[in-house]
């Protein structure tokens with residue numbers, strides 16, 4: 001046992017990343033840089049296309065543009081640091097920088113989850129109550145849903161930040177990850193973290209379980225409503241409006257669950273770090289492609305926007 005010391009002013013962590021092999025660094029640098037540029041370009045094009053086309057000024061695309069902004073923030077929290085570390089051959093992150101990264105990552109991750117839940121509710125109203133859709137999903141209510149999503153995300157990020165800030169670290173520590181991951185920080189703490197681990201599971205159950213339950217309930221109602229439609233063409237048209245959202249939901253929560261299971265089961269932390277790449281980097285990159293390839297309105301808006309440019 002090492003007695004905890006108050007070193008928060010000078011404490012630094014070392015992000016070990018994926019590999020110590022110098023020959024792999026150029027490949028890692030190229031992959032992360034290219035994925036980050038594609039993520040930024042794809043999500044910015046979605047935002048600009050929706051903002052410039054009055055035909056897309058509807059609740060569904062209002063939430064989609066905010067989801068793209070959340071994806072940009074989510075990716076920007078981790079990827080630029082990885083690129084910078086490889087370029088400068090430095091893996092050091094300060095205590096304050098680690099807490100900032102941790103808070104930002106939880107904020108944008110929770111915001112993604114909240115927006116996907118709100119979008120599931122939007123599709124539920126559109127399919128189950130089409131005649132009252134514009135009355136229910138009015139601009140005031142949509143703004144309120146967005147505000148609540150932001151407030152919930154801020155609460156989630158601050159709870160994680162507060163929990164980690166209460167821990168004591170003895171000296172400079174090595175994190176076997178490419179970003180400041182709360183479970184890894186709990187393992188490095190000197191003091192007893194049993195209460196903190198329970199708190200992590202509790203926060204995850206609340207801020208992860210409630211959105212998933214909301215999405216499942218919305219799609220249960222959507223499927224029940226679609227099955228009551230007599231014509232096969234009507235069923236296809238109704239379900240096609242949910243296809244893109246359902247694909248993004250499966251990708252986001254599927255990769256998130258995979259990262260959680262790999263970090264829990266695997267005894268090799270760096271394998272969990274590699275699995276986290278899909279969740280933290282690849283998912284934000286693929287979201288705009290899923291929506292643009294499966295949505296005719298988005299494709300037409302992008303075409304009009306690019307033609308104007």
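The chain as shown is numbered from 1 upward.
In case you wondered, yes, glycine gets a Cβ from its N, Cα and C as well.
Note that the structure is a prediction, hence the values are computed from the model and not measured.
As written in TrEMBL, here are the features:
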{"type": "DOMAIN", "residues": "42-291", "note": "domain 'G-protein coupled receptors family 1 profile'"}
{"type": "TRANSMEM", "residues": "27-50", "note": "transmembrane segment"}
{"type": "TRANSMEM", "residues": "133-155", "note": "transmembrane segment"}
{"type": "TRANSMEM", "residues": "198-220", "note": "transmembrane segment"}
{"type": "TRANSMEM", "residues": "241-261", "note": "transmembrane segment"}
{"type": "TRANSMEM", "residues": "273-293", "note": "transmembrane segment"}
**Message:** With Cβ-Cβ distances below 8 Å as the criterion, list the same-chain residues six or more beyond the ends of the transmembrane segment (198-220) that contact it, or say none.
**Reply:** 110, 113-114, 116-117, 120-121, 123-124, 152, 156, 159-160, 163, 182-183, 186, 242, 246, 249, 253, 256
**Prompt:** Against which stretches of its own chain does the transmembrane segment (273-293) lie, if we need a Cβ under 8 Å and a gap of at least six residues from its ends?
**Reply:** 16-18, 32, 35-36, 38-39, 42-43, 45-46, 64, 67-68, 71-72, 74-75, 78-79, 105, 176-179, 181, 244, 247-248, 251-252, 255-256, 258-259, 262-263, 299, 302
**Prompt:** Taking all residues of the domain 'G-protein coupled receptors family 1 profile' (42-291) together, what is their mean pLDDT?
**Reply:** 86
